[in-house]
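Asks: The structure under discussion is supplied below as structure tokens; questions concerning it will follow.
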Amino acid sequence: MTLFHFGNCFALAYFPYFITYKCSGLSEYNAFWRCVQAGATYLCVQLCKMLFLATFFPTWEGAVGAYDFIGEFMKATVDLADLLGLHLVMSRNAGKGEYKIMVAAMGWATAELVMSRCLPLWVGARGIEFDWKYIQMSIDSNISLVHYMAVAALVWMWTRYDLPTHYRLPVTVLLGLSMYKAFLMDCFVHIFIMGSWTALLLKAVITGVLSLSCLTLFVSLVHGN
């Protein structure tokens, strides 16, 4: 039973990535090693972020249950490094914009999935007692994949030299929202004392709105040119 539960969680977390890779056409371009390089860039960026946070933002020692809004906001600002990392990955790949976006997003999201969820699923989902948090973790990995696709598309649009002026503001706003999404989520959860399923639903809704807005801008920009 425990192995069956682990298999379900593993399939829910990893199969959408495999299906996306196969159905997006990346496999036809032999983009596997490009995605691996994007994943390696993710690891380097996260290491730099960890060193920076450990140096300039030590653990906050406030009251129990209190939330350091200013400190967490400053920490969320460090996620700007993720945008720079995605831009670096896309700038090193030749090809159409769609290809660059998919390679960067797949490599980035897969590296995060392996590094942050593989071990917890292997250790926890095989436990004797069933726990919904591993199902939630698997669903959250799918939300992260959609999130990074949207972020990669926004970075690609923002760095285009021929981006029309009237696109600059909405793209910048969406980039800011994507960068501070985790911080805003933590604020909502802390203020409204949300449960885990409610927080996951809110994250899915915010990611969906962000992704649909990004898709609208991307389609209008590509077709407009």
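Including glycine, each Cβ sits where the backbone N, Cα and C put it.
According to Swiss-Prot, the record shows the following:
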TRANSMEM  1-21  transmembrane segment
TOPO_DOM  22-34  topological domain 'Cytoplasmic'
TRANSMEM  35-58  transmembrane segment
TOPO_DOM  59-68  topological domain 'Lumenal'
TRANSMEM  69-90  transmembrane segment
TOPO_DOM  91-100  topological domain 'Cytoplasmic'
TRANSMEM  101-126  transmembrane segment
TOPO_DOM  127-131  topological domain 'Lumenal'
TRANSMEM  132-157  transmembrane segment
TOPO_DOM  158-166  topological domain 'Cytoplasmic'
TRANSMEM  167-189  transmembrane segment
TOPO_DOM  190-196  topological domain 'Lumenal'
TRANSMEM  197-218  transmembrane segment
TOPO_DOM  219-225  topological domain 'Cytoplasmic'
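Walk me through where these features lie, including what they touch and how far apart they are.
Replies: Nonlocal intrachain contacts for the transmembrane segment (1-21), taken as residues 6+ away from its ends with a CB within less than 8 angstroms of a stretch CB, comprise 27, 35, 106, 109-110, 113, 117, 121-122, 125-128, 130, 134-135, 137-139, 141-142, 145.
Long-range contacts of the topological domain 'Cytoplasmic' (22-34) within its own chain (CB-CB distance under 8 A, at least 6 residues past either end) are made by residues 93, 95, 99, 102-103, 106-107.
For the transmembrane segment (35-58), the list of distant contacts is 21, 26, 71, 74-75, 78-79, 81-82, 84-85, 88-89, 92, 103-104, 106-108, 110-112, 114-115: same-chain residues at least six beyond its ends, Cβ to Cβ under 8 Å.
Within the model, the topological domain 'Lumenal' (59-68) shows a mean pLDDT value of 62, rounded to a whole number.
Sequence-distant contacts of the topological domain 'Cytoplasmic' (91-100) (same chain, six or more residues past either end, CB-CB distance under 8 Å): 26, 29, 31, 34, 37, 152, 156, 159, 222.
Counting only same-chain residues 6+ beyond the ends of the transmembrane segment (132-157), those with a CB under 8 A from a CB of the stretch are 5, 8-10, 12-14, 16-17, 20, 82-83, 86-87, 90, 97, 100-102, 104-106, 108-109, 112-113, 117, 120-121, 124-125, 163, 167, 171, 174-175, 178, 181, 196-197, 200, 203-204, 207-208, 210-211, 214-215, 217-218, 221.
Within its own chain, the transmembrane segment (167-189) is flanked in space by residues 67, 69, 72-73, 75-77, 79-80, 82-83, 147, 150-151, 154-155, 157-158, 199, 202-203, 206-207, 210, 213-214, 217, 221, which lie at least six positions past its ends and keep a Cβ under 8 Å from the stretch.
Tertiary proximity for the transmembrane segment (197-218) is limited to same-chain residues at least six positions away from its ends with a CB under 8 Å from its CB atoms, namely 132, 136, 139-140, 143, 146-147, 149-150, 153-154, 157, 167, 170-171, 174, 177-178, 181, 184-185, 188-189.
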Asks: Checking distant contacts: for the transmembrane segment (69-90), what same-chain residues at least six beyond its ends satisfy Cβ-Cβ under 8 A?
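Replies: Here the qualifying positions are 37-38, 41-42, 44-45, 48-49, 52-53, 57, 60, 100-101, 103-105, 107-108, 148, 151-152, 155-156, 159, 175, 179-180, 182-183, 186-187.
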Asks: Restricting to the same chain and to residues at least six past its boundaries, which positions have a Cβ under 8 Å from a Cβ of the topological domain 'Lumenal' (190-196)?
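Replies: Contacts with the topological domain 'Lumenal' (190-196): 67, 132-133, 136, 202.
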